[in-house]
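**Q** Annotations per Swiss-Prot:
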- 39-60: region 'Disordered' (REGION)
- 42-60: compositional bias 'Basic and acidic residues' (COMPBIAS)
- 99-127: zinc finger (ZN_FING)
- 134-164: zinc finger (ZN_FING)
- 217-300: region 'Disordered' (REGION)
- 222-232: compositional bias 'Low complexity' (COMPBIAS)
- 248-257: compositional bias 'Basic and acidic residues' (COMPBIAS)
- 258-273: compositional bias 'Low complexity' (COMPBIAS)
- 274-299: compositional bias 'Basic and acidic residues' (COMPBIAS)
- Pro330, Leu331, Thr332, Gln384, Lys454, His484, Asn515, Gly516, Asp517, Ala539, Arg540: FMN binding site (BINDING)
- Cys415: active site, proton donor (ACT_SITE)
Amino acid sequence: MESVETTTPSNSEIKSVETIVEEQKVNETNTTLNAEVVETPTKTEEKSKTEITNENKERSRGLEAKIKPEFVLPFKKIEKVEVDKAAKKKEFRNQLRESMNDKLCPKISKGLVCEFNETCKFSHDVEKYLASKPKSIGICQNFQTYGECKYGLNCYFGECHIVDNKTIVNKELIGKVEPVKTLNEVSNEIQIQLKTNNYPFPKSEIYFNENGISVRQIKGRNNNNNKNNNKQNDNKRKENEKDDDDDKLNKKIKLENENTTTTTTTTTTTTTETTEKTEKTEKTEKTETTETKKEEFKQSNENTEIDIMTPLKANEKKRINFENQLILAPLTTVGNLPFRRICKRLGADITIGEMALTTKLLEGTKSELALLKRHPCEDKFGVQICGSYVDAAVKCAEFIENEIDADFVDINSGCPIDLVCNMGAGAALMERPKKVEQLLRGISSSLSCPTTIKIRIGKSEDAPTAHKLIPSLGEWGACAVTLHGRSRAQRYSRLANWDYVKQCSEVSSIPLIGNGDIYNYQDVVNIYDSSKVSSIMIARGALIKPWIFTEIKEKREWDISASERLDFIRDFANYGLDHWGSDRIGVDNTRKFLLNWLSFSHRYIPVGLLDKVHYMNERPPAYFGRSDLETLLASTQVKDWIKITEMFLGPVTSDYSFVPKHNSNSYESQG
C-alpha cells in the first residue's frame with residue numbers, strides 16, 4: 001500500500017458528531033450563498049486548440065491540486081505503514097462473524113415456530129441472545145414505514161419494535177405503503193437447478209449444434225444426467241479448447257458451410273460418432289423442409305423450433321438510446337445497488353451492475369447472482385458479464401433472457417486484473433478478435449435486448465488496436481461499444497488517451513461511449529464538441545463526487561456543503577440497510593461497502609477551496625475545510641472513515657479494522 005503524505009487533525013482536534021452537525025446547519029445558508037457557480041463559456045470564450053493541448057500536457061504531469069493558500073496545512077510526511085498482505089486477503093470475510101450457536105434462529109426471531117426444534121443449527125434461547133446483543137443503534141426504518149420488520153429480534157435498530165423479548169407489529173401501518181421490491185431476485189428453485197446442472201438451455205443447445213461449438217462440463221453437484229460422461233467430456237473439452245485457442249474452429253465451420261449450406265455440424269461431448277451422423281441427417285432434413293415451406297407460404301413460427309433457432313438482428317431488438325447519455329460504469333465492489341440509487345437521484349441516465357463471471361452464474365453462486373439485482377428506480381439498467389468460454393457465455397445469456405430483467409447485456413473486454421486476464425477474459429480478449437466475434441454472435445443470438453461491449457485501447461498504449469476491432473463489432477452483433485482510453489498494461493498510471501478515443505469514434509458504425517478520467521462538466525463539453533462520441537461513461541469521478549452527473553447536466557460546478565455530503569452518506573447507509581438487512585450481517589455489509597466508498601470520496605476537494613479546476617490525477621495537498629465536518633470528510637485516515645460510519649451504523653468493536661478493496665490513490669507520476 002502506498003505511503004500517505006498528507007496529515008489531518010488528530011481526534012482531539014475534531015469535535016463530537018452532534019456539535020459538527022449542529023454547527024454545519026447554522027452555517028448552511030452562508031455556505032449555499034457563497035457557492036461558486038460556473039456557467040458554460042460562450043463560443044468566443046472557448047479556448048483555442050493550442051491552449052487546450054498545452055493544458056492537457058500540463059495535466060498529464062500529475063501535479064498537486066491548486067488550493068487557496070489559507071486552507072493549506074503545513075507539509076508533514078507520514079511514515080509508510082506496511083499492510084499485511086494476508087490480512088488484506090481476509091478483509092472480505094466478516095470480521096464480526098458469530099458461531100452458529102450464537103445466532104438466533106430467523107423463525108424464532110419473528111415469533112414463529114421452528115420445525116427443526118432441537119436439531120436447528122441456530123440458537124433458540126431468546127433471553128441469552130438479547131442479553132449479549134449490543135444496544136439498539138436507532139430507529140428501524142422498515143418498522144416506521146411498513147409497520148413491521150422482517151428481521152424481528154435480530155434487527156439492530158429494534159428499539160421501537162422489540163418489547164418484552166418479542167417483536168411487535170403496527171397494524172395501522174401494515175398495507176398502507178407497498179414495500180419497494182428489488183428486481184431480479186433469483187428463486188431458490190432456479191438456484192438449485194443451476195447448481196445441479198438441471199437448468200434447461202434449449203436455444204443454446206440448438207446454437208451449439210448449428211455452429212459446431214463444444215460444450216464444457218459445468219461444475220455442479222451430483223447430476224445423474226452428466227455423471228457417467230465426465231471422463232469423456234473432459235477429454236473432448238481439452239481437444240476442443242486447443243482448437244478454439246488457435247481459432248481453428250472458425251475455419252472449420254467456414255469450410256463446411258462452403259461445401260453444404262443446409263447441413264449443420266453437431267459436436268457434443270456426450271454422443272458417439274454414430275449418433276452424430278444420424279443427428280446430422282435428421283437436422284439436414286428439418287432445415288430443407290422448413291426452407292421449402294418458407295418459400296411456398298408464410299406462416300407463424302411462434303413457439304416453434306424455427307422461432308427458437310432464429311436470432312434477432314440488432315435492429316429488431318428492444319431499443320435503448322445510447323445518444324447523449326450519462327452512464328455509471330460497472331464498478332466492481334463499489335458499484336453496488338445502494339450506490340447506484342444515489343447516482344440515479346443525482347442524474348445518472350443509465351446504470352450497470354457489477355461485473356459477474358459467466359461460469360459462477362451458471363454454477364448458481366448466490367453472491368454472483370446477487371450482482372444482477374436491480375432497483376426499480378434504475379429505469380435503464382444493464383448487466384455486465386465476463387468470461388472467455390463461448391458455451392458458458394451463450395448459456396449465461398439465455399439464463400439472463402429468461403430470468404433477469406435487463407435493458408441490455410454488456411460484455412467485459414476491458415478488465416485489466418491479472419486474475420481475469422489469465423483466464424483469457426477481460427482485456428485479454430482484445431488479443432483474440434475471433435473469440436470476441438464468437439462471444440458477440442453467440443450472446444446476441446440468445447437475447448431480445450441489445451448486446452454491448454466494453455474494451456480498452458489495447459494491450460499496450462504504444463500499439464493500440466481498438467481502431468481495428470471497432471469497425472467489425474456492429475456486424476458481429478454489438479449495439480454499442482464503450483472505449484476506455486487506457487491500455488491493459490498502464491492501468492491508471494497515465495491519463496486516458498481521449499485523442500485516440502475521438503479517432504475511434506470516427507470509424508465506429510455503432511454508438512461509441514467514451515470512458516476515462518471524466519471529473520468535471522468542462523471535459524464533457526469539450527468531448528462532445530470535438531468528436532463523434534455518443535455518450536459518456538463515468539467511473540472513479542462518480543465515486544469521488546456522485547453529484548458529477550448533476551454538474552454535467554446543469555453545466556456548473558456545485559460547491560456542495562459538508563452537510564449535504566453527509567446526507568448522501570446517511571442515505572447510502574439507509575439504502576444499505578434496506579438492501580443487505582438491518583441484522584448483524586446487514587449492518588456489517590453496509591459498513592464495509594460504505595467504507596470502500598469513503599476510501600474514494602475523501603479525495604474530493606470542495607470547489608470553494610480551489611484556485612483552479614481540479615482534475616482526476618491531481619493529488620489533494622494536506623488541507624483543512626471550512627468546517628470541522630468538511631475537514632473530517634477530507635481525512636485520509638481509516639479511523640476517521642470508521643468514525644463517519646459510526647454516526648449511522650453504531651460503534652464498532654475495539655479490534656475492528658478495515659483495508660480498502662481498491663487502491664483509490666492512483667496519482668502516480670505521469671512523466
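Backbone N, Cα and C atoms are what each Cβ position is placed from, and that goes for glycine too.
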**Q** Cβ under 8 Å, sequence separation of at least 6 from the ends of the zinc finger (134-164): give me the contacting residues as numbers and ranges.
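**A** That would be 104, 106, 108-111, 126, 170-177, 179, 574, 577-578, 581-584, 586-587, 649-651.
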**Q** Just how spread out is the FMN site if you go by the largest Cα to Cα distance in Å among Pro330, Leu331, Thr332, Gln384, Lys454, His484, Asn515, Gly516, Asp517, Ala539, Arg540?
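**A** The FMN-binding residues span at most 21 Å between Cα atoms.
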**Q** I'd like to know which of these binding-site residues, Thr332, Lys454, Asn515, is least surrounded, judged by other CB atoms within 10 A.
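**A** Looking at the binding-site residues Thr332, Lys454, Asn515, the Cβ with the fewest others within 10 Å is that of Thr332.
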**Q** Across all the protein chains here, work out how many other Cβ atoms are within 10 Å of the Cβ of Pro330 (FMN binding site).
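**A** So the Cβ neighbour count for Pro330 (FMN binding site) comes to 27.
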**Q** Pull the DSSP breakdown for the zinc finger (99-127) and write it out as helix, strand, coil residue counts.
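**A** The counts are 12 helix, 2 strand, 15 coil.
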**Q** Give me the count of other Cβ atoms within 10 A of the Cβ belonging to Asp517 (FMN binding site).
**A** 22
**Q** To what whole number does the mean pLDDT across the zinc finger (99-127) round?
**A** 86
**Q** What is the interatomic distance between the Cα atoms of Cys415 (active site, proton donor) and Arg540 (FMN binding site), given in whole Å?
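**A** Answer for this pair: 15 Å between alpha carbons.
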**Q** Helix, strand, coil residue numbers for the zinc finger (134-164) per DSSP?
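**A** Reading the DSSP string over the zinc finger (134-164) gives 9 helix, 4 strand, 18 coil.
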**Q** Looking only at DSSP and grouping its letters into three states, which state does Asn515 (FMN binding site) belong to?
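**A** Reduced to three states, the DSSP call for Asn515 (FMN binding site) is strand.
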